[in-house]
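Peer 1: So TrEMBL lists the following for this protein:
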- 6-23: transmembrane segment (TRANSMEM)
- 35-56: transmembrane segment (TRANSMEM)
- 62-80: transmembrane segment (TRANSMEM)
- 116-141: transmembrane segment (TRANSMEM)
- 161-181: transmembrane segment (TRANSMEM)
- 193-214: transmembrane segment (TRANSMEM)
- 220-241: transmembrane segment (TRANSMEM)
- 253-274: transmembrane segment (TRANSMEM)
- 286-308: transmembrane segment (TRANSMEM)
Amino acid sequence: MQGFSYAIAFPVMGIVTSHWSSLRQSGTFLTILNCFIQFGPLFTMPISGLFCSSSYGWTAVYYTHAIATYAAFVIFYFVYRDQPKDHCNVSSSELSIIADGKSSNHGHKQPVPYRAIITSIPIWGVWMSYFGCMCGVNLFMQFGPTYLNKALHYNLENTGFAGAAPYVISAILKILAGPVSDYSTCVSQRVRVIIFTFISQGVPTCALLTLAFLPEGFTTAGFGCYMLAITAFGMTPLSSIKSGQLVASQHAHFVMAVSAFLNSLIVLLLPNMVTSVAPQNTSAQWSTIFLITGAILFATNAFFVCVARAKPAEWTKEAPKQIQRVFSVKESDTNLSSRIDMVNV
């Protein structure tokens, strides 16, 4: 079920941002859309902790999430439109802001240049960075409560609330950082992307490496690093994801689809890695997991910083097309002649 959800969510996020966001506000738009990564655990962890420590058990957890998911889907179905021009609440002035700087074909279905995208080094940088990021994010999202309970010895009910706390801070900082990324014009867009990469990926890397070498029994320090990593991960939409959105422009949905595939691959493989490295969930075993994840984060994001771009690639621009233009029609005494020239525009 999680695979289906992620496979749909990320391409949709790319399409919605491409169609509904102005180029200048893409960072803010991405951060707000991406908040589902924080809101999900923020809802799930405390609710699950409460139900699992009560007589209701896992059955109540499943029913609660099923109802919440269906309600969210119904709201989205009735509110969302594919194009801003089709929505009754979007004014003409808002449409002009959204369309500013975009090509005339933006929003119309165009063939995706798969070969150009797959051979693009900046896009590979985006995918590498995202792969490293999601290794860390999924580690904390799937196994954070296990780490808090088994290694840091939080009880079951407190584990739910402690696991959710960092996501509150992460969501708040993410929303506040979006406008900063969009309107800090004192530096170039590329520099802003790199700065937020250092924040969103560099800080978790340092936190993971600290957790790897933290002596057993340092519960407060361990939880502090846990919270710091999750909070910083929240600004990922302003680093690699924003770079991919800007470089791929109207084709960002394909870039996001590949990102979703990478995330699904991590979700599939990560449990096997964690259970094989930390079968008893001891602090020493978790140190090994943190060391491996920190190394992956460092390597993938170092590559991204070297190749990062923040401008539309050449393959996003309109190709020349041939049109027919009638210049003049003259009628003489003997015949009617017309001249039709073929020109390239």
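Yeah, the Cβs are placed from backbone N, Cα and C, and that goes for glycine too.
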Peer 1: Given the cut-off of 8 Å on Cβ pairs that are 6 or more apart in sequence, determine whether the transmembrane segment (253-274) and the transmembrane segment (193-214) share at least 3 such pairs.
Peer 2: no
Peer 1: For the transmembrane segment (116-141) against the transmembrane segment (6-23), do we get 3 or more Cβ-Cβ pairs below 8 Å once near-sequence pairs (under 6 apart) are dropped?
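Peer 2: With fewer than 3 qualifying Cβ pairs, these stretches do not touch.
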Peer 1: Counting Cβ pairs closer than 8 Å, which of 6-23, 193-214, 220-241 has the most of them with the transmembrane segment (161-181)?
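Peer 2: Ranked by Cβ pairs under 8 Å, first place goes to 220-241.
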Peer 1: Given the cut-off of 8 Å on Cβ pairs that are 6 or more apart in sequence, determine whether the transmembrane segment (193-214) and the transmembrane segment (286-308) share at least 3 such pairs.
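Peer 2: As far as Cβ distances go (cut-off 8 Å, pairs 6 or more apart), the transmembrane segment (193-214) and the transmembrane segment (286-308) touch.
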Peer 1: With a Cβ cut-off under 8 Å, give me the same-chain residues at least six positions beyond the ends of the transmembrane segment (286-308) that come close to it.
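Peer 2: Those are 121-122, 124-126, 128-129, 131-133, 135-136, 139, 147, 151, 190, 193-194, 197-198, 201-202, 204-205, 208-209, 211-214, 239-240, 243, 273-274, 277-278, in sequence order.
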